[in-house]
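Here the structure comes first, spelled out in structure tokens, and everything after it is commentary.
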């Protein structure tokens, strides 16, 4: 693999996509995962062990919660992320243990500070719509790179898409880079968030964009 995606999802949209009864989703961007492009489930024998990340637990619960299942003791989401993505990321020395993988993802999340950046740009959850170009402009101005932004397409009778996920791309040296594919890389769409029948796709620049503050 050539790059890592640090995926943030917007919990209110995650809840909107799922028939699951989300209880009070956090009103800040949380971590969905740290994903190498192009590889999945690289080592099925390397099992997730929650005791390896016990020192990270309070940060994990706060910044990387299982939005759909609010029980504090549930570790299923992290297990899934480790099995599917962590075992592949672990080919890098800097990510080659569960503690390093989850710890580094938390560190990158805090460094990126997406919540802070959007607030500084005056982009906050609201019942009015945003232009996708304005959101992109704010992010590129702030980070100097273009993240990948995914939305829930409009449902019947809606005219706006709903922002759901923002992925930042990093080199293997963990430097921010553009997410757009270079000529020599194919760019698989991460259909990692498939809930019910709805799924996220790349946001449409022409559609008004809803950044919801609570589950409708």
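Any Cβ shown, glycine's included, is placed from N, Cα and C.
Curation does not apply to TrEMBL; its annotations are automatic.
Of all the Cβ atoms in the protein chains shown, 24 others lie within 10 Å of the Cβ of residue 32 (active site). As annotated by TrEMBL, active site applies to 32 (among others).
Here TrEMBL flags 81 (among others) as active site.
For 85 (among others), the entry in TrEMBL reads active site. Taking all protein chains in view, 25 other C-beta atoms sit within 10 angstroms of the C-beta of residue 85 (active site).
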>> Counting only residues 6+ away in sequence within the same chain, which have a CB under 8 Å from the CB of residue 81 (active site)?
In response: 33, 34
